[in-house]
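Peer 1: Got a structure for you, questions after.
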Amino acid sequence: MSDILQWTALGVCIACSAWRFPAMLKGRNRSLFWAFVTASLSVALSIPAIYLPVDAFLGGNNFANVILRLSLFSVFFLISSKIAAAYKSELALKLVQGTLGITVLVTCSAGIWVTYFLSDLRGSSTGLGDFFDQPSVVFYMRFGFIYMAYVAACLIAPTAKAALSKRPALDRIAAAFMCLGFGLVCLTIPVQFSPLHDSLLMKLFSYSAVLCVALGLAVVWLSFIKRPENGHKRR
């Protein structure tokens, strides 16, 4: 089941990237396009058939996993401002892109690098599953999830409020997808700090979250392009 979720999540991210490409060329919402591209890279590097040859090319020391983690940080940083602005949440924007949010981002990024260099990671292993006997690798994984969970927690309230509002149906559906996705990201934290951190449950939460957030962002754009433009009668 996790394999199906992984490939489905990758397909959705690539499709969303392709969909946003023409608009990006016209200079519209370029950050959203790059968020989808970076998400595609992150999901691709979580799939053994892609990760193993890529990491082997990079030297076989699991540097590809560092790329994966930092790519995910980039995705969450890029989309957070868009989502906070879309749902008019100044608090969420301040928490994610203000001093506190930047501090969490820098701390987790530094934690990724420090624990990576403290670990013996010779021999490519998707998800670093072969190295969980090393405490530094356990902390490496935790740093990887803490920042994403922090951003997700900041965005749950505004997306939940929008999902329950009187906005147009597509807007509410988009918000509901994203709220569910961010909720799943937050659920990865107790799992990550438990003996189940390398379980199927962790993979189900992670890839389901990617799917929900990607679909939510896609529906947001669909809702935007379906709105009446100049010269059309507004409902």
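Quick reminder: no glycine exception, Cβ is built from N, Cα and C everywhere.
Pulled the feature table from TrEMBL, pasting it below:
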type	residues	note
TRANSMEM	6-25	transmembrane segment
TRANSMEM	32-54	transmembrane segment
TRANSMEM	66-87	transmembrane segment
TRANSMEM	99-119	transmembrane segment
TRANSMEM	139-160	transmembrane segment
TRANSMEM	172-193	transmembrane segment
TRANSMEM	205-225	transmembrane segment
Peer 1: Excluding the flanking five residues on each side, which residues at least 6 beyond the ends of the transmembrane segment (205-225) place their CB within less than 8 Å of a CB in that stretch?
Peer 2: 2, 5-6, 8-9, 12-13, 16, 19-20, 29, 32, 35-36, 39, 43, 46, 79, 86, 152, 159, 168, 170-171, 173-178, 180-182, 184-185, 187-188, 191
Peer 1: Contact between the transmembrane segment (66-87) and the transmembrane segment (139-160) is defined here as three or more C-beta pairs under 8 Å separated by at least 6 residues; is that satisfied?
Peer 2: yes
Peer 1: Please report, as numbers and ranges, the same-chain residues at least 6 past the borders of the transmembrane segment (66-87) whose CB is under 8 Å from any CB of it.
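Peer 2: For the transmembrane segment (66-87), the nonlocal Cβ contacts are 29, 31-32, 34-35, 38-39, 41-42, 45-46, 51, 93, 96-97, 101, 105, 108-109, 112-113, 116, 143-144, 147-148, 151-152, 154-155, 158-159, 161-162, 175, 178, 213, 217, 220.
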